[in-house]
Amino acid sequence: MLAEPINLQSWISENKDLLQPPVNNYCLHRGGATVMIVGGPNERTDYHVNQTPEYFHQIKGDMTLKVVDDGKFRDITIREGDSFLLPGNVPHNPVRYADTIGLVVEQDRPKGVNDKIRWYCSNCREIVHQVEFYCYDLGTQVKDAILAFDGDDEARTCKCGTYNYSRPN
């Protein structure tokens, strides 16, 4: 049986408490694609790499999508009302500010295709740590990877000697 439509504005006003750090996401729909509502502020420094595109629509407030584009770090501002389609395989870190709400759509992962969560050194910009996994639950797996990094001093220490953080300082 088909699900009933969801009024996003009503859902957001009734369920803001479900949008908790470090990722602040809640999965509304699953099956073929995952549709998430994501609130701010979030608390993360990781970059997500997945092989499929991600669609961002900013419902309330602005956000910054930090990306590594052809080897260069840069910021993309997605303003309230804007939509943006991020191609697959682009490392990205969505930075969400206080009292902001966005909608994100991600395609279900093909079998055998893994996601990566990586952290770049805050000093030398080299990859300090990376985990790879088959993503079947965006609601929990990204958060679990962030919490594991947060508790692993060895993973957080770069070859250059810099100690890195899972949350912005």
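Yeah, the Cβs are placed from backbone N, Cα and C, and that goes for glycine too.
Bear in mind that the values here come from a model prediction, so they are computed numbers and not experimental data.
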**Message:** Per Swiss-Prot, which of Glu54, Glu126, Glu132, Glu154 sits in the substrate site along with Arg96, Glu106?
**Reply:** Glu54
**Fill in**
The rounded CA-CA distance in Å from Arg44 (O2 binding site) to Cys158 (divalent metal cation binding site) is 18
**Complete:** Spacing of the two Cα atoms, His48 (Fe cation binding site) and Cys124 (divalent metal cation binding site), in whole angstrom, works out to 19
**Fill in**
Counting only residues outside His48, Glu54, His92 in the same chain, those with C-beta within 8 angstroms of the Fe cation site's C-beta centroid are Tyr47, Val49, Asn50, Leu65, Leu86, Val90, Pro91, Asn93, Pro94
